[in-house]
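Participant: The following block contains the structure, expressed as structure tokens.
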Amino acid sequence: MSLSNKLSITDLALTGKRVLIRVDFNSPIQDGKITNPARINAALPTIKYALDNGASKVILMSHLGRPDGKAISKYSLKPVASELEKLLKKPVFFLHDCVGPDIEKAVLEAPEGAVVLLENLRFHIEEEGSAKNEEGKKIKADPSKVTQFREQLTRLGDVYVNDAFGTAHRAHSSMVGIKLPRRASGFLVKKELDYFAKALENPERPFLAILGGAKVSDKIQLIENMLDKVNCLVIGGGMAFTFKKTMQNVAIGNSLFDKPGSEKVAGIVEKAKKNNVEIVFPVDYVVGDKFDANANHKIVTDDEGVPDGWMGLDVGPKSNELFREAVLKAKTILWNGPPGVFEFPAFAKGSKVLLDATVEAVQKGATVIVGGGDTATVVANHDAEEKLSHVSTGGGASLELLEGKTLPGVAELSNK
């Protein structure tokens with residue numbers, strides 16, 4: 001799947017068209033009010049572009065939370081409509097459902113240039129294709145009803161725009177089932193695709209991937225795929241201990257050890273050698289006597305090892321220096337996973353040093369792309385989003401792209 005040849009909203013003629021946009025308005029709500037409108041803000045450029053370019057109506061659809069195929073009022077998108085009205089400075093027509101004759105009629109009757117927000121897609125089991133029942137058992141949707149649901153959604157628009165990168169790895173009805181002739185990315189999805197194409201299809205070299213995370217076995221596909229693309233790999237986080245113990249018999253105390261992952265280590269090291277990829281591992285650690293913000297802590301080296309009863313919770317000063325050097329040598333940097341338990345201040349320094357190095361690299365002309373999830377949280381904690389080239393909005397979606405998988409929501413977009 002090429003990421004760089006998909007239709008974008010700017011390739012579409014929108015005049016007089018009903019523009020059906022899949023957005024990601026999955027926002028935190030407290031007492032009926034949106035507590036963080038970041039995702040709503042992020043969709044505004046696409047919505048405004050459609051309005052400014054002659055769309056007859058803009059119809060927005062989204063999920064919120066996990067209502068498991070039932071209409072549950074606390075998961076209603078109604079509070080989002082109020083927030084969106086404030087941000088757009090124009091009325092938003094909120095509909096009580098997302099499909100059905102009443103909804104089709106309401107969309108047709110909405111005034112010219114209207115913004116219409118449909119109710120939560122996941123109030124219907126047909127959006128995800130399955131749900132959990134009261135006993136927590138998975139139940140599947142009736143395939144004929146899924147087809148009907150998709151056809152009903154399709155009837156609401158003339159052109160389809162997907163601006164929900166965070167769910168692009170899910171083959172949900174609103175992502176893959178809307179068979180309008182022209183299906184394009186919105187600005188958010190386009191930015192994601194442009195940056196990931198830059199890294200995965202045509203990187204400026206040297207190309208460095210920084211990987212963290214707890215288990216080798218969780219990241220094995222990611223590591224394998226990266227070894228075919230990068231010049232250098234930095235491995236931090238809990239999974240570094242599985243490598244160190246397996247390869248060099250370093251004492252790791254009570255640090256994370258991933259037995260199934262350890263069986264993959266030799267193959268990874270062999271492949272790196274064959275592909276001429278340098279792997280940079282930590283050589284010292286900040287260890288704690290318990291997994292706790294208030295743990296006693298000290299620095300140990302590979303030679304000393306992690307004492308019994310202690311665990312490695314961050315990388316140490318020598319490792320910070322090695323990681324920084326690797327970052328400053330690279331021209332394209334992909335960062336997925338912090339090197340330590342950044343939530344605890346005593347074990348957050350490795351993440352901050354790495355962040356500072358990536359910011360410095362950008363200032364020197366490198367491209368830095370941050371995969372979503374924990375790494376994006378590190379960046380946000382230090383208000384550094386604007387200082388890096390791109391911080392992905394999709395944790396799961398960006399991980400699957402980096403693993404070399406096809407994203408269903410992207411594959412469904414029309415080619416140029």
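Using the three backbone atoms N, Cα and C, a Cβ is placed for every residue, glycine included.
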Participant: Going by the CDP site in Swiss-Prot, where Gly213, Asp218, Gly337, Phe342 are listed, which of the candidates Gly237, Gly316 is also part of it?
Facilitator: Gly237
Participant: Of Arg39, Arg183, which does Swiss-Prot put in the (2R)-3-phosphoglycerate site with Val23, Asp24, Phe25, Asn26, Ser62, His63, Gly65, Arg66, Leu121, Arg122, His169, Arg170?
Facilitator: Arg39
Participant: Given the binding-site residues Phe25, Arg39, Gly213, Lys215, Asp218, tell me which ones have a C-alpha lying within 10 Å of the C-alpha of Gly238 (ATP binding site).
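Facilitator: Within 10 Å of Gly238 (ATP binding site): Gly213, Lys215.
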Participant: Looking only at C-alpha atoms, tell me how far Gly237 (ADP binding site) is from Gly337 (CDP binding site), rounded to the nearest Å.
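Facilitator: Cα-Cα, rounded: 7 Å.
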Participant: Measuring Cα to Cα, how many Å separate Phe342 (ADP binding site) from Val23 ((2R)-3-phosphoglycerate binding site)?
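Facilitator: Between the Cα atoms of Phe342 (ADP binding site) and Val23 ((2R)-3-phosphoglycerate binding site), the distance comes to 31 Å.
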Participant: Return the residues near Glu343 (ATP binding site) by Cβ distance under 8 Å, restricted to its own chain and a separation of at least 6 in sequence.
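Facilitator: Glu343 (ATP binding site) has long-range Cβ partners Ala293.
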